[in-house]
Amino acid sequence: MMPAQRLQGCRSLHINEDNGRFLLLAVLIIVYLLCGAAVFSAIERPSELRAHGRWNRTLLNFSDTFNISVQDLSSFLKEYEAAIAAGVRVDALRPRWDFTGAFYFVGTVVSTIGFGMTTPVTIAGKIFLIFYGLLGCAATILFFNLFLERIITLLAVVMKAVRLRRLRTSGLLPPGICQDFAASTLPGWKPSVYHVMLILGLSAIVISCCASAMYTPVEGWAYLDSLYFCFVTFSTIGFGDLVSSQNAAYGYQGLYRLANFIFILTGVCCIYSLFNVISIVIKQVLNWMLGKMSCLCCQRCSKANAFLGRRNAIRPGSRLRRGRFGRTPDSDGPCDSDTEGRRLSGEMISMRDLTGSNKISLAIMQKQLSESANGYPRTVCGSSRQNGFSGGVGALGIMNNRLAETSDSR
């Protein structure tokens, strides 16, 4: 490939940084899904095949023992599956659609957990669920975002106080200075995303361990199954294979259901905040990968630019080809003898590029004037743009400029 063609290819492949980050994340998620599918298939597929074999043997033995055809037995089992979907179980369970059961159901709806053990079966219930979930899920996500904003603010205040205490104990800060002046000595300090992630991770582990210690004796689960239930519930995955507070009666039933509600609420809020902080770390990794990829592309483009610059350069001592009236073919005015032998360091800018850059600058200026006139000028700092954290939507917008890695001063 010729250098000019390579340079033109580099210019055509240049995409916006946000779009590049989005495409790279999409590719990585697809690769992550493929790897996860391969691992789970290798782990769970043999157990599934053994379960199918055991069930087929049990079905045939039951059919031979009680002289029932396999077709009639399969029809009976289908009816029982429909009864299970309606909430009928062999074991004694709590009513699904009394007020407390319905309250548990709407809690799983608006929190997007969705265990699936209770579902509406009537047409009116399904239609009402669509509109109820639309408003309820939006309000709950807003609640989670506001919780995230306050927990990061609280952690920032606590960590800043700890830092000031360490400075005072180390002798770097005199003990007689008041708290307000001491806080003003760290005007640009913000907590690191790694410290916040560590605190939220430890909090999630403590909440999960305490909740599992409650679920194990009350529900009769193994402790590892209780931890598994806590992660599935707190992360709002909600498979529904294990669901708490479903038996008809418990010892200290009111206290247990209150503790179950508190554990699920705090766990979901903590895991939601942890996931959003981890997304900042993932975004940093994406920025690093994009930086490496752009460096490789820039190296190729710089080589092409260097080749074209050497080819188009005017070397000292070289004579310019003059026209009929003593002017160079590309000049508009008389030729200056002092600039005849001047060496050009690169490719000369064309009139099309100059006009295009002026149009872009004019468009940016018009946008800034319009935003200023409407009362909401938008300023984007160059440092935050280099970090890749300028602005954001939702939780990313809340964490913008609140952590050291997303700060404008970084």
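Cβ coordinates are placed from backbone N, Cα and C, and glycine is handled just like the others.
As written in TrEMBL, here are the features:
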- 22-43: transmembrane segment (TRANSMEM)
- 94-151: domain 'Potassium channel' (DOMAIN)
- 102-123: transmembrane segment (TRANSMEM)
- 129-158: transmembrane segment (TRANSMEM)
- 193-215: transmembrane segment (TRANSMEM)
- 203-283: domain 'Potassium channel' (DOMAIN)
- 221-243: transmembrane segment (TRANSMEM)
- 255-275: transmembrane segment (TRANSMEM)
For the transmembrane segment (255-275): best-contacting stretch of 22-43, 102-123, 129-158, 193-215, 221-243, by Cβ pairs under 8 Å:
193-215
With a cut-off of 8 Å between Cβ atoms, can you find at least three pairs linking the transmembrane segment (221-243) to the transmembrane segment (129-158)? Only pairs 6 or more residues apart in sequence count.
no
If you average pLDDT over the domain 'Potassium channel' (203-283), what do you get?
93
Any residues 6+ beyond the ends of the transmembrane segment (193-215) with a Cβ under 8 Å from its own?
151-152, 155, 159, 221, 223, 226-227, 229-231, 234, 244, 256, 259-260, 263, 266-267, 270-271, 273-274, 277-278, 280-281, 284, 403-406
Could you give the number of helix, strand and coil residues in the domain 'Potassium channel' (94-151) as assigned by DSSP?
41 helix, 0 strand, 17 coil
